[in-house]
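**Q** Questions regarding the structure given below will be posed in turn.
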Amino acid sequence: MAIRKYRPTTPGRRGSSVADFAEITRSTPEKSLLAPLPKKGGRNAHGRITTRHQGGGHKRQYRIIDFKRVDKDGVPAKVAHIEYDPNRTARIALLHFLDGEKRYIVAPKDLKQGDIVESGPGADIKPGNNLPLRNIPVGTTIHNVELRPGGGAKLARSAGVGIQLLGREGAYATLRMPSGEIRRVDVRCRASIGEIGNADQSNINWGKAGRMRWKGKRPTVRGVAMNPVDHPHGGGEGKTSGGRHPVNPQGKPEGRTRRKGQPSDRLIVRRRYATRKRG
């Protein structure tokens, strides 16, 4: 993937850039692997906003991705196309299996049209192949890693990310996450070889608010810029600091929201960025 920069012909074009989509080989998706994706606008079943800054955007259809691949062990597949997926940052690859079935997978780096991929304990160590962690050499970069055997890939599914297999001891493998966290995972869990492609996606400059609206992202308005009826930080004469510790529109303290004491915390060897100096 490369990034194409625009000339500053308008204020919205100034500094903006776009992916060149050179790796895309087909523009129309496989119809049998599509599912409807109705818009929620960030609302729940009662019509209340539960996730802010969502709404609008271009109409999409969901591409059904195979995150397990366990039922295709030993069945080789040919990469028919590399396609664009509006629902994720990574590209997806359409596989044609030898038994005639078609499936989508997340496309790793260096996977090309015409390549052969396979899954199972005996698969080769090359991009796109899927194996249990116990069969992958130490030091290999992997993606689409399961947290529980048979549960489907949960880790490293975004563009440009990869996990390093640091070692194995007993029933667990030690992994280094993209965040720097080191955690243990059952060696029966499966993973795909290589890092995910489209790494330059994070370097795209969207240029104008309208492009974010096309993506279904609405503006983020500060609470101190609102009226008192809209936010606890709103109101006041002139510019104010809000007058209290940061809270959300419902008055609950803002900040870290992750629940402590999760059962899987015992498998974390080192928290993310534990060695980074603060200052």
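Placement of Cβ uses the backbone N, Cα and C atoms for every residue, glycine included.
Swiss-Prot lists these features:
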- 40-58: compositional bias 'Basic residues' (COMPBIAS)
- 269-279: compositional bias 'Basic residues' (COMPBIAS)
- 33-58: region 'Disordered' (REGION)
- 223-279: region 'Disordered' (REGION)
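Walk me through where these features lie, including what they touch and how far apart they are.
**A** With DSSP states grouped into helix (H, G, I), strand (E, B) and coil, the compositional bias 'Basic residues' (40-58) comes out at 0 helix, 3 strand, 16 coil.
Counting residues 6+ beyond its ends, the region 'Disordered' (33-58) has Cβ neighbours under 8 Å at 64, 86-87, 94, 102-104, 213-220, 249 in the same chain.
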